[in-house]
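**Q** One structure follows; several queries about it will come next.
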There are 2 protein chains.
Amino acid sequence: MALIVQKYGGTSVGNPERIKNVARRVAGYRAKGDQVVVVVSAMSGVTDNLIKLANEIMPLPTEREMDMLLATGEQTTIALTAMALHALGLPAVSLTGAQAGIVTDGVHTKAKIQNITPKQVHTLLDEGKVVIVAGFQGQTQEGHITTLGRGGSDLTAIALAAALKADLCQIYTDVDGVYTADPRIVPNAKKLEEISYDEMLELASLGAKVMQSRSVEFAKKFGVVFEVRSSLNENPGTIVKEETKNMEDVVIRGVALDKNQAKVTLVAVPDKPGVAAHIFKAIGEAAINVDMIVQNISHGSGTPATDLSFTIDKPDLLKARKVIDGLKMSVGFREAIADEKIGKLSIVGVGMRSHSGVAAKMFETLAKEGVNIDMISTSEIKISVVIDLAKGEQATRALHTAFIG
Amino acid sequence: MALIVQKYGGTSVGNPERIKNVARRVAGYRAKGDQVVVVVSAMSGVTDNLIKLANEIMPLPTEREMDMLLATGEQTTIALTAMALHALGLPAVSLTGAQAGIVTDGVHTKAKIQNITPKQVHTLLDEGKVVIVAGFQGQTQEGHITTLGRGGSDLTAIALAAALKADLCQIYTDVDGVYTADPRIVPNAKKLEEISYDEMLELASLGAKVMQSRSVEFAKKFGVVFEVRSSLNENPGTIVKEETKNMEDVVIRGVALDKNQAKVTLVAVPDKPGVAAHIFKAIGEAAINVDMIVQNISHGSGTPATDLSFTIDKPDLLKARKVIDGLKMSVGFREAIADEKIGKLSIVGVGMRSHSGVAAKMFETLAKEGVNIDMISTSEIKISVVIDLAKGEQATRALHTAFIG
């Protein structure tokens with residue numbers, strides 16, 4: 001008998017028929033003797049409708065009241081899911097985030113979980129019930145309803161799994177698991193049986209949008225082993241867990257292409273202390289997320305100057321241009337060049353730590369394909385390059401063939 | 001400065017525009033320096049949609065989960081109402097029933113309020129905020145979400161007014177107040193300035209469907225003075241309060257016609273002890289509500305027998321027939337006659353206690369109109385008669401003219 005926490009996203013509970021499917025799946029685990037805690041999101045479309053309603057009242061609704069409003073989405077799903085289990089003759093009880101003991105800080109619309117007191121969940125499980133918990137929500141110590149922001153339901157599931165010391169946490173989604181590359185680009189991409197938290201984090205932040213980084217980070221911190229799998233079939237998914245020795249036998253776990261970045265180059269930036277800090281402070285204050293930063297060696301004569309390149313999310317480009325225009329006088333660079341036609345191509349794998357020559361092999365492979373490298377950035381388990389967007393898919397396939405097969 | 005509890009029903013908060021109207025009205029009271037607690041229902045249609053959704057999952061959903069589901073309706077409205085007040089620049093905070101300290105018993109879908117701990121409401125009022133409370137819902141001592149059943153939001157408002165020792169409780173609805181008769185039947189019916197709890201109770205149960213009896217009973221028990229008024233205009237409504245001396249100056253407060261009753265007569269029921277108990281026990285077990293009961297004197301020769309007539313809600317007639325058919329053998333009456341074409345006509349007024357001859361005047365008036373009386377039932381402040389439905393409206397007008405003008 002295992003204790004399993006399962007999380008189903010908005011599409012998996014998008015209508016009564018799908019909610020019944022979820023119930024049937026839960027019933028299958030129960031039939032095997034497992035204890036099941038189910039975390040559900042709002043039915044797809046519901047949250048958007050609530051936001052629309054709020055905007056008809058006022059353009060920028062207060063965040064506390066947005067949380068009060070949005071929390072009804074998951075509350076609706078938990079009740080319907082419990083009913084669907086009752087219809088199958090299974091004992092089930094729904095709990096709001098507050099009732100499940102999920103305590104957060106008071107930062108409405110993006111609250112952080114502070115602690116979980118799963119006493120009520122334990123009691124209900126001990127009574128033989130399936131416990132359905134509203135994802136994405138909690139309450140403050142003072143009793144205000146909060147929501148956890150993007151990826152919040154995944155976080156609820158993983159945090160509950162940690163608090164309950166669950167044997168397994170399953171994140172049900174509309175993909176079969178984590179792949180070695182995007183199957184739409186690399187037809188022979190393979191589903192991974194397992195992956196380490198760090199690899200998953202690198203892949204998540206690299207455009208393999210299976211889960212938000214924050215949930216993976218939480219799982220890593222508390223050692224929660226979880227499985228990403230599909231709610232549409234019975235295929236086993238990908239297990240995400242702490243790195244093990246034999247994971248290093250595989251040098252590269254995956255190849256990821258992020259088409260959603262833009263590159264900005266500031267030409268001839270005065271090469272003196274404090275300049276980079278000045279620039280990135282201004283960009284950060286505009287809430288623009290900077291990913292890669294590369295500073296080339298100073299060149300030319302006269303005042304020492306350098307070219308500074310960085311990548312940002314494409315939708316932030318306009319906002320970034322305004323910030324940069326404002327900096328031109330104070331920083332004194334020559335010009336700013338933006339390039340939207342880039343792709344960030346990365347290889348990820350804990351195995352590269354113990355295997356030398358990975359970077360060389362990557363660059364060689366790209367050279368053979370005639371792909372020029374604009375920027376390079378590396379971490380212990382990742383190498384990313386910025387290349388011409390037009391060659392992105394071809395380059396992804398080439399790297400996949402070279403490293404994975 | 002007064003502390004006012006206002007309740008707005010589903011129609012009054014039926015869409016964003018109407019919610020903004022509610023906010024404007026609240027703002028008006030605040031401008032006068034009043035403290036305001038607002039109780040709202042689910043937006044009209046929302047509860048029905050949720051019930052439909054539940055029925056797509058299973059035909060008879062569990063009551064605990066129905067409460068979990070339906071409670072989202074009011075939670076949505078409180079958030080939107082708070083936002084609408086924010087849009088007008090007023091500080092406002094929404095509270096679910098649970099957050100407002102409304103504790104109920106555990107009878108899901110028709111829970112009774114056990115007590116209210118309005119600490120949180122007081123704190124927020126002291127901070128200068130408008131407090132928006134979800135009507136119709138509460139939570140048990142153990143933390144389960146409950147709903148109060150029909151008329152639940154009125155009850156929330158009146159119970160909160162009692163707990164907060166509010167100066168006034170206003171029930172906003174789509175009528176201007178309580179009238180001396182239905183204005184569609186009696187064109188010169190007058191709106192009452194005030195009415196006693198008992199009169200209101202008799203009128204409520206007599207088909208003047210302004211409020212559920214249970215809220216009026218609660219108000220009576222705790223001495224909560226409340227006003228029934230329209231959310232569509234600024235007209236003062238009807239004040240419902242404890243009987244005062246000068247109320248007796250008015251003999252008859254109102255005339256009510258209930259067209260929704262049916263009469264059943266059991267002919268030649270054996271006149272022996274326990275027979276009536278046997279009959280009404282069976283009918284009660286079928287959850288059929290019996291209103292008037294009249295037993296005529298035994299007649300005929302042989303075994304003593306009597307005719308037993310009673311009235312029930314018209315929609316229950318089919319169910320009642322089945323019960324009665326089942327009783328025929330055991331009770332041994334001759335036949336059962338049902339009559340759907342009846343009207344129950346009543347006059348109500350605390351003044352009739354101290355004025356003799358009211359019944360005589362009523363019967364005389366009806367006689368003059370050629371209206372035959374089928375059944376008569378009286379209480380201290382009410383006389384009801386069952387008459388031919390076809391003459392119901394004419395008789396209502398005649399009684400109104402005779403007693404009220």
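Every residue, even glycine, has its Cβ placed from backbone N, Cα and C.
As annotated in TrEMBL:
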type	residues	note
BINDING	A:Lys7, A:Tyr8, A:Gly9, A:Gly10, A:Thr173, A:Asp174, A:Tyr179, A:Arg184, A:Lys209, A:Val210	ATP binding site
BINDING	A:Thr47, A:Glu74	substrate binding site
DOMAIN	A:264-350	domain 'ACT'
**Q** Reduced to three states, what secondary structure does DSSP give A:Tyr179 (ATP binding site)?
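**A** The three-state answer is strand.
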**Q** Give me the CA-CA distance between A:Tyr179 (ATP binding site) and A:Glu74 (substrate binding site), in Å, as a whole number.
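**A** So the alpha carbons of A:Tyr179 (ATP binding site) and A:Glu74 (substrate binding site) sit roughly 29 Å from each other.
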**Q** In the domain 'ACT' (A:264-350), how many residues does DSSP put in helix, strand and coil?
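**A** Per-class counts: 30 helix, 34 strand, 23 coil.
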**Q** Using C-alpha atoms only, work out the spacing between A:Gly9 (ATP binding site) and A:Thr47 (substrate binding site) and round it to an integer in Å.
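**A** Spelling it out, the Cα of A:Gly9 (ATP binding site) and the Cα of A:Thr47 (substrate binding site) are 12 Å apart.
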**Q** Between the Cα atoms of A:Thr173 (ATP binding site) and A:Glu74 (substrate binding site), find the distance and write it as a whole number of Å.
**A** 16
**Q** Within 10 angstroms of the C-beta of A:Thr47 (substrate binding site), what count of other C-beta atoms is obtained when all protein chains are considered?
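**A** Its Cβ has 19 other Cβ atoms within 10 Å.
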**Q** Taking every protein chain shown into account, which of the binding-site residues A:Lys7, A:Gly9, A:Glu74, A:Thr173, A:Tyr179 has the largest tally of Cβ atoms within 10 Å of its Cβ?
**A** A:Glu74
**Q** How long is the line from the C-alpha of A:Glu74 (substrate binding site) to the C-alpha of A:Lys7 (ATP binding site), rounded to the nearest angstrom?
**A** 12
